[in-house]
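Peer 1: So TrEMBL lists these for the protein:
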| type | residues | note |
| --- | --- | --- |
| DOMAIN | B:9-83 | domain 'Glycine transporter' |
| DOMAIN | B:95-167 | domain 'Glycine transporter' |
| TRANSMEM | B:35-54 | transmembrane segment |
| TRANSMEM | B:66-83 | transmembrane segment |
| TRANSMEM | B:119-140 | transmembrane segment |
| TRANSMEM | B:152-167 | transmembrane segment |
| TRANSMEM | B:173-192 | transmembrane segment |
Amino acid sequence: MTTSTPLLLADLTGVAVFAASGASAAVVKRLDLFGVAFVGFVAALGGGIFRDLVIDEAPPLAFADWRYAATAAVTAAAVFWLHPQLARLRTTVLVLDAAGLGLFTVTGTLKALDAQVPPVGACLIGMLTAIGGGLARDLLTGEIPVVLRREIYAVAALAGSIAVAALDASGHAGAAGLTAAAVFVFALRLVALRRRWSAPVATLRPPRTGTRGTHA
Amino acid sequence: MTTSTPLLLADLTGVAVFAASGASAAVVKRLDLFGVAFVGFVAALGGGIFRDLVIDEAPPLAFADWRYAATAAVTAAAVFWLHPQLARLRTTVLVLDAAGLGLFTVTGTLKALDAQVPPVGACLIGMLTAIGGGLARDLLTGEIPVVLRREIYAVAALAGSIAVAALDASGHAGAAGLTAAAVFVFALRLVALRRRWSAPVATLRPPRTGTRGTHA
Amino acid sequence: MTTSTPLLLADLTGVAVFAASGASAAVVKRLDLFGVAFVGFVAALGGGIFRDLVIDEAPPLAFADWRYAATAAVTAAAVFWLHPQLARLRTTVLVLDAAGLGLFTVTGTLKALDAQVPPVGACLIGMLTAIGGGLARDLLTGEIPVVLRREIYAVAALAGSIAVAALDASGHAGAAGLTAAAVFVFALRLVALRRRWSAPVATLRPPRTGTRGTHA
């Protein structure tokens with residue numbers, strides 16, 4: 001609750017960009033105003049609610065501080081009325097999502113460390129904070145979760161959260177270091193998208209008998 | 001835990017109607033007895049478990065008080081053996097769901113206010129308590145979540161929770177006012193269903209290039 | 001946190017077998033290394049995270065004790081690189097899943113009883129701990145949740161958790177009794193799979209008008 005102002009600003013910026021990503025995805029799916037607001041709300045606040053449940057901050061900030069819900073609602077409504085042309089929306093979702101990924105990785109990992117979670121757990125919580133909203137957005141709108149696609153996504157968040165934990169352990173978790181970590185996640189995600197980087201896929205020997213499941 | 005008797009009765013009635021809605025939906029999907037019981041259980045208790053996690057009531061009432069699980073199980077079993085004809089089931093699900101929406105909106109908002117959650121957060125928690133079970137039911141049975149369809153659903157719950165918060169703030173949260181709020185949500189939802197009221201949908205300018213996602 | 005060594009070993013064994021089941025399911029779906037690790041992580045730790053949220057153990061063991069995440073990650077990576085031939089994977093998933101079901105039923109029920117949850121709630125929490133990871137795995141990989149298929153699954157876990165609660169109430173919850181309960185769930189699940197045992201399905205009178213939803 002005693003969140004510092006820069007951390008609050010980073011958190012609310014993450015809420016806004018994830019709300020915009022969720023709302024854009026919902027507009028693409030032709031949901032109505034409230035469906036757009038709901039998907040925006042879940043994408044923006046779902047990861048943080050999970051984080052706060054896990055570190056036992058009750059009620060979660062999304063409910064304790066009205067500025068979180070208000071930021072998500074205003075952003076989603078703005079996307080609903082002002083959204084650019086459809087073809088541009090898909091790119092917008094991806095870029096906003098990458099920005100939210102970087103911001104929530106940093107704030108999520110920091111909050112978990114502040115709550116005395118050990119480093120390995122704090123990195124996992126930071127990653128899950130960052131990917132949780134997008135995961136919920138994709139489950140709600142019936143898309144294959146972005147985290148399961150063959151792209152660098154969760155791993156960018158995990159690398160960023162390890163960087164934050166290392167900065168924290170070495171006493172360098174100042175504004176400059178944390179901003180660098182957020183930008184690193186954002187840039188890594190965008191470069192991976194643009195160059196279509198992906199992680200390796202398991203090789204499967206051809207099955208002896210015809211079976212379902214061989215198609216990708 | 002010190003729930004008053006009327007609030008407990010309202011809560012258990014909400015559990016029963018949502019269990020019946022979940023069980024009916026599961027019967028339509030031809031699930032077996034335990035699948036029907038499980039979907040009934042999740043639809044009835046999912047929203048309340050989420051509410052209790054968020055307001056840090058541990059363990060959630062669904063696990064602390066055996067009457068919750070027993071109400072859900074008995075209702076689901078009754079639906080399994082006594083369910084009316086298939087064609088009637090779909091209407092039954094909708095009406096029961098509307099009743100549960102009204103009851104859980106009121107009890108969820110009140111419990112959050114009792115747990116010292118600020119009004120904006122309490123309204124959101126009340127809404128999520130009311131829509132959570134139906135959302136989980138729809139995700140489990142592979143339906144498009146009712147909350148995302150072009151219908152007045154979450155917004156009816158939100159309006160009801162704002163009414164409860166206003167009654168509470170003005171010292172009028174007695175049995176009469178709260179009953180009126182629950183009936184208001186129930187009636188708003190039924191009228192919206194019958195008149196096919198819906199919220200506006202974003203207009204999309206035609207994309208310059210052919211693209212997926214334009215179909216509803 | 002003061003988990004006894006045998007309980008910790010049973011818990012970590014459950015983590016490993018569920019991680020292997022999740023990773024195997026992800027390999028079948030052709031997910032990449034990180035998708036495989038993520039599904040393995042969720043399948044292995046999802047049920048336990050839910051259990052710890054519900055009994056208010058914060059942070060959940062999955063984040064508080066690095067050995068949980070490490071066990072899940074190492075197992076998932078091993079499956080990714082060493083997985084046997086595709087045709088065998090499906091059977092492997094089912095057997096590992098049955099073993100995890102038995103182990104998590106026992107440890108989940110015991111932990112809930114230790115946290116002073118009443119017996120009915122503790123049985124439900126034990127069952128949900130056991131089925132939660134597989135449910136999340138199936139939702140993520142787009143399969144019909146195993147718990148909703150016409151098979152003895154959740155009911156095996158529920159029978160096991162009732163056995164654990166009875167052993168605990170009668171003062172016989174020693175290593176022998178608990179091992180027997182875990183083996184009982186495992187065996188019941190495997191026999192049900194092999195003999196295609198299933199629970200009854202509701203009979204539906206034919207609808208008067210043609211309607212969707214009649215197909216299974």
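Note: Cβ is positioned from N, Cα and C throughout, glycine not excepted.
Whatever TrEMBL says is automated annotation, not expert-curated.
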Peer 1: Give the nonlocal contacts of the transmembrane segment (B:119-140) in its own chain as ranges (CB under 8 Å, at least six residues past its ends).
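Peer 2: Distant Cβ neighbours of the transmembrane segment (B:119-140) are 18, 21-22, 25, 38-39, 42-48, 50-51, 54-55, 97, 100-102, 104-113, 146-147, 153-154, 157-158, 160-162, 164-165, 169, 185.
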Peer 1: Within the same chain, where does the transmembrane segment (B:152-167) have neighbours whose Cβ lies under 8 angstroms from its own Cβ atoms, ignoring anything closer than 6 residues to its ends? I mean 6 or more beyond.
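Peer 2: Same-chain contacts beyond the ends: 101-102, 104-106, 108-110, 113, 119, 122-124, 126-127, 130-131, 146, 173, 177-178, 181-182, 184-185, 188-189, 192, 197-199.
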Peer 1: Using DSSP, break the domain 'Glycine transporter' (B:95-167) down into helix, strand and coil residues and give each count.
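Peer 2: For that range the per-state counts are 59 helix, 0 strand, 14 coil.
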Peer 1: Please list, for the domain 'Glycine transporter' (B:9-83), how many residues fall into helix, strand and coil according to DSSP.
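Peer 2: Going by DSSP assignments, the domain 'Glycine transporter' (B:9-83) contains 63 helix, 1 strand, 11 coil.
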Peer 1: Note the mean pLDDT of the domain 'Glycine transporter' (B:9-83), expressed as a whole number.
Peer 2: 91
